[in-house]
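Residues or ranges marked as signal peptide in TrEMBL: 1-22. What TrEMBL lists as transmembrane segment is 178-199, 219-239, 259-278, 293-316, 323-341, 353-372, 393-413. Annotated region 'Disordered' per TrEMBL: 592-619, in sequence order. Taken from TrEMBL, the feature domain 'Glycosyl transferase CAP10' covers 679-976.
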Amino acid sequence: MHRARWPAVSGLVLGTVLLSRSAQTTFAFDKAVHTGIVTLLCAGVATLGLSKWLGEGDGAQSHKGQRYEAVPLNDVGEPHASRQPSPVRNEVEYPSSLRKQQIYIVLLSLLLSLRVELMREVLRNVQCSSLNWEPWVPVAIAAWDYWTVQRKKRCPDFDDEGASVYETLEQSVVRAPFSLLAMVSLSCAGGMLALASTSSPKSTFICAAGLPYRWMVPLLQHLGTVVDVLVIFCIAKLLTQQDSRGPRSPSSKIASVGYALLLSAATLLIIGIVYFIVQDSDRDWILTIPHTFFWSVLKLECYVCFTALCAFLLILDVGVMTTTLLTAFTALTTITTTAAWQNAHPFPPAPFGLAYLGVCLAILGFMSYFHLETISDGRNSRPGRVLFQRVPSLFYLGMLVLFFLWSGMWVSYKRDVSFHPIDMLIYEAEEQHQAYVNATARSIDLSGAVSEYQNRYSRLPPPGFDHWYMFARQRNSTVIDGFDSIDYDLLPFWALAPAEIRQRTWELISNPWNDAAGISVRNGKVSVMPNVVPTHMWMLEGLVEMIGEFSRWLPDMDLAFNINDEPRVALPYKEISTLRSIGSESTIQLSVEPEDRNFSTDRAGQWRPVPEEPNPETPLQELSWAPTFHRYGSIGCHPDSPARSQRRWDVGSLCLSCIYSHSLGAFISDWSKASDVCQQPDLADIHGFYMSPAAFKGSRELYPIFSQSKAKGFNDILYPSAWNYIDKATYSPSDENPDKAFKEKENKLFWRGATSEGVSSGRGQWRGMTRQRFNHLATDINGTTAAQPIMIPTGSGNKLEYINLPISTLQKLLPTDVHIVDAIARCAAEDCPIQHHEFSPLAPPIDFQSHWQYKYLLDLDGAGFSGRFLPFLHSRSVVFKSALFREWWDDRLTPWVHFVPLDLRGHGFWATLAYFTGINSTIDGIGKVEIPAKTRQGERIAEQGREWAGKVLRKEDMEIYFFRLLLEWGRLTDDKRDSLGFEGA
């Protein structure tokens, strides 16, 4: 086995690094039992294959008369007794028998099965987990070694009179029976300290107080650690025991572990089959194997099998204690170093000094362990049982590199900043907004608008552009040139033939099941098609009213409107990229013939009439009450993007890599990137639309459906919502509910709303939904939300730093009034009473106009866009907005100028509020804290938002946007669209 030592060591280190890096983002944990069965099966087969390979080597040696002879072991894998010369077989008392071997095989298989189930239970409620005890496993092994071996050893006295003080001290330590245990404990304690100091902050995913998981999950974690120790013990026994019939070869020892792995896989499989037969409600979930899960499991199996085989070989060669310590040290340093390297920012606040101390202790303990093993002579007299006969310089060099790497990170780490990030964000946002204003209103006449259109989109405007221009000017439109969102939405449709677009429109509106209502324009008149669901007639009547303002200039067309809140159309990355590429290459000559300056005259006959009997065919797939992120939400991303290649299964930890691209500290710096799902795989578990939408009927083909809002990655066509146009929620202050000046309002952040974001169908989806999370974050009624960061002055007073404070403290310092109203909505089974318990007391409904009495208004998504945002923006209050969905006006508003953006994760909620309201109080453990309120900045944002909304978000602006959108759509659906255009006056 000695020849395989260094390949095994290298393989174990490499495999542990790969597992530590990939386990955090694997899809394999989505189905823990599936993964457990496949892992145990593959590992068992690989182990038996290794035993066969070793057996061939044993056979060759036996043939040459050099049969391997095992040495009796006295412990679980770290024997230190001297080998007696040429022992006679009947003089050796072998500690194991075939019966013991079978017992260990059965026990190991049961323990592995139990471990898989414990892991499944922890993963189901990982948001309630605590710091893991796994790093203490080597200490348990070392303690067993001390109790069974080391304390019984009697080493001769050291009587070298010429020895130096250092040599005498060194020998004293070496001869102490607890020395190895002490070094292992030092290394593991340091690793635990570093791990605790560099771990990600807790997320806002709810660990419900009304459920037992707050105490159960940590208990299961610790029980899992105990099971891990027992598993390692059994493996060590199988790999080191002797047989009563004679010495066992390495191949037979390895094979016994392989049989245990296969037996465990079979046990889990049998249990799974029984569950499948008994529990019919989960059969589809059990049999559905997504391709992302398959490839993740395959990748994980390669890593696990490779690492396990290396570990088995190393246990055979140098014992279990050295192997577990090497594995634990490699995993801890990989995890902590990666975290420290990626998160070397003031946010999140972390005790980096403690992490550095922990790593130093881990390195010291790790080096001391091997140093003691190397120089010990009384207990390690068998040369083959220690990893190093003489610690190589390369080992010390590696430890030195690790030490200096951490020293560099510690020296360069800064906890404080010289300015508040929001001050910079406001300054940059104002410049950005001014640039937008300059770019969207360059045209001063029709000729200039045509030229600007050609410069932006490399084609002529559609026919009727002159009517649109006069329409916009008569309504005093501030925005004349900036309609890039229309071009973006319509671009892929240039890859479809007009006839195909018309056919797909008919397929949507001819079947009422599709929840796509049809509106028809004929001879300048607008009408609703007859097969519309009555519950949404208000919406269609609002659209008819809006389109009716300009319908006389529109060509004949049929339009399919999404009557659900959720978006509908998402195309895979390759397909949408191809369509956009084709669309961008489509050109219209910059001069047209006279006959091509108007739409075709025979358009009415080109649209198929809606049949009296519903069309039974549908191009849509229903996923209501089901997860949509991986099947729709992220498919438009590049295959290598985090959203497609990573699964953030640890919903209890804040995904720091997900926020860095759009954040400055705890605050949003890029509103557009904040909506980019491709860089945020954790969105799958923090929004109701992705977790369990109330009504989702989607297509992965390009169907022309108009929606009020959409998440990034969807290809619906945005239009101004009838909800805002017909004032379903309106800004109408009165004497009873006046909208006072900002300084006269109540200094409080306010929100009332229902649990309407998604459906919690009995599987606990509500714990990740935005509305519930923000409510829990603001109130923390049951004391289960983790401490949250705010920025306070440092001791010197001229800089700022982040600190974490309990919610109970923040509630006393910062005024909020955030509550769910009425009864819990959109829930089923046990999720209804659990939510009621978690959020009680629920607040009664209020008059919408009473919002205006508060300085700060919180706006959150519902099942789709928030219908309150525009009324909020027209008020004299500051709007705090957190949103996944984007609307037609998205590029018209600038965060930090017109409203205050909040990340969907909510981690910057309290810090943002503290910036505006200020703090002047004494905080336990910190002392007196004075943060001046930024009332002037808040008032400025409120007034700028109100003023700008009065210029670009009026009903007239909705009409102008919709008019231009439908002119473009009219050209897209015209058979001679490639030559159609408005050339100018």
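The first residue you see is number 1, and the count goes up from there.
Just so you know, glycine gets a Cβ as well, placed from its N, Cα and C.
In TrEMBL, annotation is done automatically, which means it is predicted and not curated.
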CB contact flag for the transmembrane segment (323-341) and the transmembrane segment (393-413), at least three pairs under 8 A: yes
Long-range environment of the transmembrane segment (293-316) - Cβ separation under 8 angstroms, sequence gap at least 6: 1, 4-5, 7-9, 11-12, 15-16, 18-19, 22-23, 26-28, 30-31, 34-35, 38-39, 42-43, 46-47, 50, 77, 235-236, 239-240, 250, 253-254, 257, 322-323, 326-327, 647
Tally of residues which DSSP labels helix, strand or coil - the region 'Disordered' (592-619): 6 helix, 0 strand, 22 coil
Confidence summary (mean pLDDT) of the domain 'Glycosyl transferase CAP10' (679-976): 95
Residues from the same chain, set at least six apart from the ends of the transmembrane segment (353-372), whose C-beta lies under 8 A from its own: 173-174, 179-180, 183-198, 325, 329, 332-333, 336-337, 340, 387-388, 391, 395-396, 399, 402-403, 406-407, 409-410
